[in-house]
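Annotated features, as they stand in TrEMBL:
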- 1-313: domain 'Major facilitator superfamily (MFS) profile' (DOMAIN)
- 28-46: transmembrane segment (TRANSMEM)
- 58-78: transmembrane segment (TRANSMEM)
- 84-105: transmembrane segment (TRANSMEM)
- 125-146: transmembrane segment (TRANSMEM)
- 166-184: transmembrane segment (TRANSMEM)
- 191-211: transmembrane segment (TRANSMEM)
- 217-243: transmembrane segment (TRANSMEM)
- 264-283: transmembrane segment (TRANSMEM)
- 295-312: transmembrane segment (TRANSMEM)
């Protein structure tokens, strides 16, 4: 069920976002979250049971360190296209961000009640699935970001048409998630996650091989379907592996850490792959767009393939 619901969200994002961008304005992709949140607040109060962890003070120092560190790195990556990798702005952001994240790790090792206890990462299973999640979302979201634009700028489709044409990829979890859950119960979550990551990497690599200003939709379908099946086989088993790798009392922290690393992976994926795209291509013509997207897709495929290897830990 979790994988299917996640699939609905992943499938609906590009489609609804494309429709809003085409028919209203791109700013509405942010406003859309307001009514959704207002509807979910009373539902959450009615349906979700409350739970409490042992009381601990808010880790303000850890929050500031990780927020500032991630901001520095992402800001630097976003500005590589306009300023270059060796510019003072980019180098300062990368160095400062890395240093702050290093201090965050040190704080997590020494503080009495850190927001993210680093001792959790001493467990091989917890470390492996979280590293795999970061790499999966880095490759997946960075690639979705570029491919949705390729369908528009490279092939001339409208935003809504682009969202529809990506459904074989983004919508596949809705169909395959129940099978992934069955296989996870039958053979264990790790083999299913590794298989899913491998299929996602194959799908991205296939798209990198066939991408061209004149590529037909029929030629795109195998890459989209294989990548979608891989995505579906990853989602639900990965969440189960995270929770099973820690004690019950630590499951809230473990789930939060995994969700945070997924978001970090997505942000880094968009930043890194966009920087590769800007360095190798541009928006001047469909051919130029393909020249930038192809190497970015190879990097995305490589990141997800590395995630499959890491998940074997």
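We number each residue from 1, going along the chain as drawn.
Glycine is treated like the rest: Cβ placed from N, Cα and C.
The list of residues near the transmembrane segment (191-211) in space but at least 6 beyond its ends in sequence, with Cβ under 8 angstroms from a Cβ of it, reads 129, 132, 136, 139-140, 143, 147, 150, 154, 169, 180, 183-184, 219-220, 222-235, 237-238, 241, 290, 293-294, 297-298, 300-302, 304-305, 307-308, 311-312. Per-residue confidence over the domain 'Major facilitator superfamily (MFS) profile' (1-313) averages 86 (mean pLDDT, predicted model).
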